[in-house]
Amino acid sequence: MWKKWFSDKAANKQIDYNTIDLTRLPCHVAIIMDGNGRWAQKKGLPRTFGHRAGAETLREIVRTASEIGIKVLTAYAFSTENWRRPADEVSLLMSLLAEYLDNEINELDKNNVQIRFIGKIEELALTLRKKIEKAQAQTAHNTGLILNLAVNYGGRAELTRAVKIITEKVLNQELALEDINEAIIEENLYTANIPAPDLLIRPSGDFRISNFLLWQVAYAEFWFTETNWPDFKSENFLQAIRDYQQRERRFGGIKNTKKR
Ligand code: IPE
Ligand code: IPE
Ligand code: MG
């Protein structure tokens, strides 16, 4: 189904994917979906319109990522700090998430997408949690794109959680102190068994990480654009990938050395 969608767009020359080397795609792309409020304000609309438009962008980018063969897409939807916003904005964001799941899950499933959630899901409302569990269970067997939605996610909270889990194991003598290493920490992050992001995209003109994937982005390539998330299109996504393919990643080594 998505094949058709993607080819139609390509036929309309809206998407030029010929200049992308499909054999050297970033395995994991992370996106901070930012700028919804500014997009709406610029149009004289309430912020909520920006969030609705932002959800549309997510639909489009998930399709494109899946179609070109990206393995993992992690999208930051709601941070542990976003609770500081007015209650009506928070509740709209939660409803939009529920709506996204209701409307998209069957299509995601049909297209072999596996949806996962990262963050303190246990703190969300029960009705939303149920939808999240259902969506994860329905798509758990899929082998295509892994779509990680970061909801009530914070990098510091994730690391704090990992420290607690590991400490408990040490206290219970299931793990020796000297055996704690980077691999053990990684195993206790929400992203266990998922390779670290190769490319991190932040739209809307801010150049900061805002508590996203603090551990995981250690060697990610960062790509910024002034475009606000609701105006971000497949072409912007593909441009980020093209630019990524021009970068030289050294992982602390020197040119042409491979990551260990
Ligand atoms: C991103 O857009 C959505 C969330 C953080 C949930 P914003 O709402 O942060 O939009 P700006 O940054 O205020 O423009
Ligand atoms: C980051 O955006 C969180 C999400 C996009 C979900 P924010 O809008 O919350 O980040 P700051 O406050 O500008 O750093
Ligand atoms: Mg913002």
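Positions of Cβ are set from backbone N, Cα and C atoms, glycine also.
Features of the protein shown, as given by TrEMBL:
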type: BINDING; residues: ASP34, GLU221; note: Mg(2+) binding site
type: ACT_SITE; residues: ASP34; note: active site
type: BINDING; residues: 35-39, ARG47, HIS51, 79-81, TRP83, ARG85, ARG202, 208-210; note: substrate binding site
type: ACT_SITE; residues: ASN82; note: active site, proton acceptor
So if I take the binding-site residues (ASP34, GLY37, TRP83) and measure from each Cβ to the nearest atom of ligand 1, which come out below 6 Å?
ASP34, GLY37
Of all the binding-site residues given, TRP39, TRP83, which residue's CB has the most CB neighbours within 10 A?
TRP39
Packing count at ARG202 (substrate binding site) (other Cβ atoms within 10 Å of its Cβ):
23
Checking the recorded positions ASP34, THR80, ASN82, TRP83, ILE209, GLU221 against ligand 3, those whose Cβ falls under 6 Å of one of its atoms come out as ASP34
Among the binding-site residues ASP34, GLY35, TRP39, ARG202, ILE209, GLU221, the ones with a Cβ under 6 Å from any atom of ligand 2 are ASP34
What DSSP gives for ARG202 (substrate binding site), in three states, is strand
In which DSSP state, out of helix, strand and coil, do we find GLY35 (substrate binding site)?
coil
So for ILE209 (substrate binding site), how many other CB atoms are inside 10 Å of its CB?
16
